[in-house]
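Here's what TrEMBL has on this protein:
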{"type": "DOMAIN", "residues": "14-406", "note": "domain 'Cation/H+ exchanger transmembrane'"}
{"type": "TRANSMEM", "residues": "6-21", "note": "transmembrane segment"}
{"type": "TRANSMEM", "residues": "28-44", "note": "transmembrane segment"}
{"type": "TRANSMEM", "residues": "50-71", "note": "transmembrane segment"}
{"type": "TRANSMEM", "residues": "83-106", "note": "transmembrane segment"}
{"type": "TRANSMEM", "residues": "112-137", "note": "transmembrane segment"}
{"type": "TRANSMEM", "residues": "158-176", "note": "transmembrane segment"}
{"type": "TRANSMEM", "residues": "182-204", "note": "transmembrane segment"}
{"type": "TRANSMEM", "residues": "211-229", "note": "transmembrane segment"}
{"type": "TRANSMEM", "residues": "235-257", "note": "transmembrane segment"}
{"type": "TRANSMEM", "residues": "269-290", "note": "transmembrane segment"}
{"type": "TRANSMEM", "residues": "302-325", "note": "transmembrane segment"}
{"type": "TRANSMEM", "residues": "381-405", "note": "transmembrane segment"}
Amino acid sequence: MHPIEIVTGLLGLTTLLAVVARRFRMSYPILLVIVGLLIGWIPGLPSDILSPDAVFLVFLPPLLYAAAWQIDNVELKMYSRSVSLLAVGLVLFTSTVVAFVAHAVIPGFSLAQGYLLGAIIAPPDAVAASSVMRGLSVPKKISTILEGESLVNDATSLIIYRYGLVAILTNQFVLWEASLQFVGIAIVSIAIGLLIGWIMLWVHQIISKDAVISTALTLLTPYGAYLIAENFHLSGVLSAVATGLFLSTRTSILFSYHSRLQVNSVWEIVVFLLNGLVFILIGLQLPMIVSNLNGYSLPESALYGLLISGVAIVCRLVWVFPGAYVPRWLSARIRKREEKPTWQQLVVIGWAGMRGVVSLAGALALPTTMPNGEPFPARDLILFITFIVILITLVVQGLTLPIIVESLNVREQIDEKKEERKLRQKMALQVITHLEANHSAGSVHDDVLSYVKNEYELKISELSGMLRASNNSPRPAELYQQAIRLQLELIDVERTVLIEQRQSSLLDGDVLRKMEQELDLEAARLSLVQPAE
């Protein structure tokens, strides 16, 4: 089969499986990996279409950029200490423990190979974390810390990976030099990402009214940030993330309303398709990995994989508790500034360590031979162990995480609906103030002014609950809901007219599409503001 046919078929399968996952309320990445495992054994289907270059260039930049775009920057800054402890400290800790365990248990496995394996499997995956956590009503603090960690830890692990690989290929490694280079690479990579973000901000402000070009630029930006940094042998991951974080706080001035609507819609589709394709391709790798497992028996390799998986899981659980509590014991400033995490929250953070495509790409990217032409030592075993770790953490931890969240009652305490109502009330009050200050002297017809004011006053009444109805009258909230439902019903009536006109070919197609878009936008607006029953 032609690769394009395969990719098209996988995209179709991804969409179908996402529908099934939503129907049964399960995380679709887990279902995709399982199905990928099953179809990977179909004869004639190539399993090596997920190359490291494809992961690092095609998939990683836009997915990390999108994750950085969506994260709450204010809360990310608030929890930056916790994120750093996980994204840097935990990756170093896990890499070290895995290195010594693998060196001690696997015959002929050097410490340098152990560090290489540790760097590959240490970082939880940003895509896996956000996909699995999205369906859980966990506190915003937990989701922010996990997503922030997974944005940065890839860069940490890839830098360790680079030095581990150099140590194996050259038999040379100087710790202090590597540490200095680690810090330097991180700083310069972030600086490049911020510079590209600033340039793109300036460009977007120039073409802000052109929604198509603005959307195209957002798709190209993560690739530009990644490639420029990689061209200077820096971290393209950190550069793309820094660009995304910089621009995400400036969307209000970055786009016109039309561009913003289009950008959000396009990116939602792109991220969904890339996510789905990545996870189903992970599952497809198993036949190739097993067939290339030379020099080690399958049961022996599986045992090593299970052992290293357990080590990685335990390392995370062991790290999060002292990482959260010891700094509080040592610093009164931290105790004053930060809320004390509960043990239930730490269990959830410790269990949410799903690995993903970055780990697999790192293993696949290992060279096949040494500089002297000899085979790269234990390459096939490293690749197999990596796959087992991904499978165990993604499927087992991913499936059990909702159960743990539910059993420990780790739920969001802040009423987001209440915060939303407060913000809507503030916006509506500001509108009333603006109308009275700027349009009360006849600049707008009285009927128009009265109509608009009444609409916002009705919103305020529902949101604040200031007006009390009599026993025989509906509450303001019920009136507001009725008004929105009625408007949605009337939009459907208008849409029926459009359908009839299209079928009878009485109107120009461009006119019909314009009117349909207006109805779609209005229906979307009403659906967003409709209060919960």
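Placement of Cβ uses the backbone N, Cα and C atoms for every residue, glycine included.
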TODO: Name the range, of those listed as 28-44, 50-71, 83-106, 211-229, 381-405, that has the largest tally of Cβ pairs under 8 Å with the transmembrane segment (6-21).
DONE: 28-44
- [ ] Tell me, please, if the transmembrane segment (269-290) and the transmembrane segment (28-44) are in contact, taking contact as 3+ Cβ pairs under 8 Å between residues separated by 6 or more positions?
- [x] yes
Open item on the list: Counting only residues 6 or more past its boundaries, what in the same chain has a CB within less than 8 Å of a CB in the transmembrane segment (211-229)?
Closed with: 57, 60-62, 64-66, 189, 192-193, 196-197, 200, 203-204, 235-240, 242-244, 247, 255-256, 258-259, 261-263, 266-267, 270
Open item on the list: Counting only residues 6 or more past its boundaries, what in the same chain has a CB within less than 8 Å of a CB in the transmembrane segment (235-257)?
Closed with: 56, 60-61, 64-71, 73, 76, 151-152, 154-155, 158-159, 185-186, 189-190, 192-194, 196-198, 200-201, 204-205, 208-209, 211, 214, 221-222, 225-229, 263
Open item on the list: Are there residues at least six beyond either end of the transmembrane segment (381-405) with Cβ under 8 Å to its Cβ atoms? List them, or say none.
Closed with: 26-27, 29-30, 33-34, 37, 106, 113, 116-117, 120-121, 124, 128, 132, 135-138, 282, 285-286, 289-290, 292-293, 295-296, 301-302, 304-306, 308-309, 312-313, 347-348, 351-356, 359-360, 362-364, 366, 411
- [ ] Six or more residues out from either end of the transmembrane segment (83-106), which same-chain residues have a Cβ under 8 Å from its Cβ atoms?
- [x] 76, 113-115, 117-119, 121-123, 145, 148-153, 156-157, 160, 304, 307-308, 311-312, 315-316, 319-320, 323, 327, 349, 378, 381
